[in-house]
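Per TrEMBL, the features are:
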type	residues	note
TRANSMEM	83-109	transmembrane segment
TRANSMEM	121-138	transmembrane segment
TRANSMEM	150-167	transmembrane segment
REGION	181-214	region 'Disordered'
COMPBIAS	188-212	compositional bias 'Polar residues'
DOMAIN	236-364	domain 'Palmitoyltransferase DHHC'
TRANSMEM	282-305	transmembrane segment
TRANSMEM	325-349	transmembrane segment
Amino acid sequence: MEEPLCCCEYVDRRGQRNHLAACCCDCEDLDEGCERWLTCKSLSPGTLERIADTVADRVRVPWFAGAVKVNVSLVPPLVLLPVFLHVAALHFLLGLVILTSLPVLVLWYYYLTHRRKERTLFFLSLGLFSLGYMYYVFLQEVVPRGHVGFSQVVALTCGLILMLAALSRAKKDPGYLPIPASNEKSSHQGLPNKSVRGSSNGLRGVTMSGTASGRAVNGEAKGYSRMSAGEPEGVKKDWCAKCQLVRPARAGHCRLCGRCVRRLDHHCVWINSCVGEQNHQAFILALSFFMLTSVYGITLTLHTICRGRTPFVALFYCPGAYSDYSSALSFTCVWYCAIVTAGMGYILLIQLLNISYNVTEREARLALRDNTGRRLLGGLVIDTGQYNRGFLCNWGHFLSLGSSPPQRSAEDIV
C-alpha cells in the first residue's frame, strides 16, 4: 500500500510521485529550449507546448492531502493588473502607454485561445479581480476624501452584489442537451490518455464516431447531417455526430464545452461558459448591472478628484489628477473602468439588438457564411428573418426563455 502524500507531494501528469522542491528539475524540454536559444537555433516543433504543459503541471501549492494544482491562467490578472495600474499612475505618459497596451494584450490572448479552441479562466479571473480591485481602490482612495456619502457607497455595493448574483446564475447550466446513456458510456471508454490543455471542464480532443462532415462555424460541430425525414412539418432538427443526438431547432454544439446547448447564442470567455436558453436572461442582467454600477462608480470618483467639472469633461481634462499619487491612481482606475465599460457596453448593445430581431450570435454568423441574412443598422445586427416576429413579440419570446416545459430526452428522439 502506497504511503499517503505529504502536503508538498503530488502525482504529476505522467503518474509519477513528485515533490514541490523538485519543480525545476528533470525538464528536458526546458533545458533543450534554453540551449537552442543560447546557440541561436530554432526550437523543434511542439517544444514550447510541452514546456507550457510541464510548467502548468508543476505550479502547485501545498495542501493537506497533497499539493494542489493552480490554474496558471489565474495568476497573470492577480499579479500584473495591480502592478500595471500602479505604474500607470506614476506619470501621464506611462498611463497612456499602459492603458493603450492592455486592451491589445487581452485581445491578442483572446484570439490565441480562440484559435487553439481552448477554455481558459483568464478572462473570468481578470473580470472578477478587476471588479474587486476597483472596489478596493474606491474604498481606500476615494471614500476617505469625504465627498462620497454613505448612501452612495451602499448603492454602489448593492449594484456590485446584484451583478455578482446575476453572474453566478449565468455561470450555471446554459441549457445543455442530455447526452444519451450509450454515448456517455462510450465517451468514457474512448477518452485519450493524453492530458487536455485548458481548463478541466473542456472536452477538447475527444473524438466521437460519425460519418457526416461539415464546417465549424462559431462552435458548430464538424460532422453533422441534417435529418428531416419523419420530423413534424416546420420543425427543424439537426443530428450532432459529436454528442450522438438530435438537436432541436436553434440548438448548437459548442466545440469548447463539448456539449450541445439549446438556443445557443455564443460561448462567452468572460464567464467561461456558453450563453444559451437557460442563462441568456441572467447574462443580459449581469451586463446591465455591470454597466450601471461601473458608470455610477466612475461618476462618483470623477466628482471627488475633479471637483466642479462634469464627469465627461473630467474624464478628458482633469488638471489636478496627477497632483498626488492617490488622485493619480484613482484617475488611472477610472480610465481602466471606462475602457472596460466601453467594451462591455458594445457587447450589451449587440445583444439587445439581436434580441430585438430574435436572432442569436451563432445564427448571425451562419447567415453571414451562407449569405442568407441582411445587414441592418450599419452591420450591427444580422436579420435572418427566420424567427423575427416583431419587436414586442421578440422580446416576449426572450423573456419567456426557460419557462417552457423541457423537451423530450435525446434518447427518446434517436
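Placed from the backbone N, Cα and C atoms, the Cβ positions cover glycine too.
By number of Cβ pairs under 8 Å, the transmembrane segment (150-167) is matched best by 282-305 from the list 121-138, 282-305, 325-349.
Here the domain 'Palmitoyltransferase DHHC' (236-364) has a mean pLDDT of 92 out of 100. Tertiary neighbourhood of the transmembrane segment (325-349): same-chain residues 85-86, 88-90, 95, 99, 102-103, 130, 133-134, 137-138, 141-142, 284, 287-288, 290-291, 294-295, 297-298, 301-302, 304-305, 315, 318, 380, selected by CB-CB distance under 8 Å and a gap of 6+ residues from either end. Secondary structure of the domain 'Palmitoyltransferase DHHC' (236-364) per DSSP, as helix, strand and coil residue counts: 72 helix, 18 strand, 39 coil.
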